[in-house]
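Below is one structure; the comments refer to it alone.
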């Protein structure tokens, strides 16, 4: 039996008590739902000022500042801020891959990896660029395309190398190259990366995703640099 339900039955032995508690939890859920749609974020981080809709979210966020990692792997000692991250990590030791592709039978540790892999079979590219018509499997790839190919406005400059970026968040990601901070970890092989984009590109080696397709022959690639190198073979005059 679910632990939460056990506590519920223990504290509210009568049917009336059970109904009362369910109503209380429903009211709490409605409050969160309303805040999501109204944009209200009443809980603020005292360290950086970031705001949240729930107190539990700000408590998890605070671990970034405190360095607290309460969930520890009993196999290798690695610690995590969330129990869900620990559970995903434990699959490295157990070899568990519960998410299975019904097309080819390949198994994955995370549902997100399975979703990314399924694009190989479906060929779906729902994210379309309004500027040139190019389509992408994920919204994040479309955003990168828009910044690289269609934006001339780069107001944020790196004080170290002078590189300019369209957004402050992009500049912060870039500056990690100079600081050497590698905070993005692959849960498949534990390799670390400077930026989330680097991690996503690496994860394609595990998922098999190949989002870049040659317009000449239909061959697909996991990185755009490989696609460009391949396309040059079509431009060679025999």
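The backbone N, Cα and C atoms fix where each Cβ goes, glycine too.
Per TrEMBL, domain 'C2H2-type' is recorded for 43-70, 71-98, 99-126, 127-155, 156-183, 184-211, 212-235.
Sorting each residue of the domain 'C2H2-type' (43-70) by its DSSP state yields 12 helix, 4 strand, 12 coil. In terms of DSSP secondary structure, the domain 'C2H2-type' (184-211) contains 12 helix, 4 strand, 12 coil.
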